[in-house]
């Protein structure tokens, strides 16, 4: 009787630990997914803000990579 109670308690403890570990892994998966989505969103927004050829600019940072701000305040080829 004592042995079966001990085995039952140990079994419940093992199940509890396994369930807790799987919940942590699931939460980590959601956190990684959300951070990846926000990272892609930030990249798209920063790319959308840069100036293409003949877009108005004040500095070279206003133009996309491969372009520079010309003396006419337009993005042009380097």
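Note: Cβ is positioned from N, Cα and C throughout, glycine not excepted.
The following features are taken from Swiss-Prot:
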SIGNAL    1-21  signal peptide
DISULFID  50-64  disulfide bond
DISULFID  57-69  disulfide bond
DISULFID  63-75  disulfide bond
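The disulfide-bonded residues listed here are 50, 75; among them, 75 has the most other Cβ atoms within 10 Å of its own Cβ. Each of the disulfide-bonded residues 57, 63, 64, 69 was ranked by the number of other C-beta atoms within 10 Å, and first place falls to 63. Ranked by Cα separation from residue 50 (disulfide bond), the disulfide-bonded residues 57, 63, 69, 75 are led by 63. Of the recorded residues, residue 57 (disulfide bond) and residue 75 (disulfide bond) place their C-alpha atoms 6 Å from one another.
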